[in-house]
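Read the structure below first, then the notes.
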């Protein structure tokens, strides 16, 4: 397939006010998507958003474009990305659209689409939408224009769905949990789910103002959560990102529990329950410690390219039901169709309750190898990965690791960054080697 002009690995994303995240482009995008999606029968689209101030502007633009193409929009208001996927399925809508830039700062935003079955749009549908964007906008006849409505009980519907993934025979009674909602889309969802299941809940990151999403909080910055868990003598902490599709946890000691460890816990529990179908999928970034721990359990493991859509594709290719990224995207197809931070967290909590074990104990069967990730910003027109000095630097680092570690360089799918990852047995060595490669990348940028 030819290279796409606008769609990246997770929809369309950028800085608000700069192409392509402008009101006029998003209106045209709504129209183009409407033209393509209307061919498939249904005429309703679910639109959700996170808590960014630009969400108001962009949802209005999307709705106008969809209406011009003859499709109606149903707004959920601030709602986690996986909630939009769920509501798209239950309403039998033709598609769901999420206005979010996930873990990015408030001044970024993006648009991503879900199919009628709650999975991300196939590449060929995204390509068809891009093809329509090159055509002049034409409006349907007045009698065929789309309408707008609001799903007033969207939050309640999703809360009940999340609770339904937690066994009826279990309770969270007696657990003290700190929930960090990143001032994002889970702020009015996650605390209610946990409280209704019996937990004592302390919240941070639940006062969104349109500009504080992901700011020093949430899954990408758990320092405040770690401190609060220890200060409150809580049993654990749960950190979601801005749109609620990621989860990072913190144990009672304040130690971080990442997506690799969460995947290990839920996979081992599924194995114990006789509900693990085949193996599990990680990514090129997944820690070697995960692979070794799963091997000890006899659980097959495969690595996909980085990106939750590629994890899901590999799961589907192999017929497996579980996968994750170490960043906290955890996909459990027996429960939902996409990464869902709340649902993933509930499966960990169920394992704790069922086995009468702490989060620390559940992690004890897996030892993470030291892994250092350095992000290097680069100018869009250059490609540091093709630079001879960078390639020589990587080769030298691999020689020093002598087969007892890994080196991975890749471009981010959502930002102009080169991600440098080095993994090995000694943290200081790994840190030094990662910085050596990062310096070479900077020089080439």
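Here the Cβ of each residue, glycine as well, is placed from N, Cα and C on the backbone.
Among the candidates 102, 115, 393, 412, the residue that Swiss-Prot annotates alongside 241, 243, 245 as binding Mg(2+) is 102. Taking a C-beta cut-off of under 8 angstroms and a sequence separation of 6 or more, residue 102 (Mg(2+) binding site) has the following same-chain neighbours: 10, 81, 110, 241, 242, 243, 245, 246, 414. Counting neighbouring Cβ atoms within 10 Å of each of the binding-site residues (241, 243, 245), the lowest count belongs to 245.
Summary of the Mg(2+) site environment: with the site residues 102, 241, 243, 245 set aside, the chain residues having Cβ atoms within 8 Å of the Cβ mean position are 50, 80, 81, 100, 103, 184, 185, 219, 240, 242, 244, 246, 339, 341.
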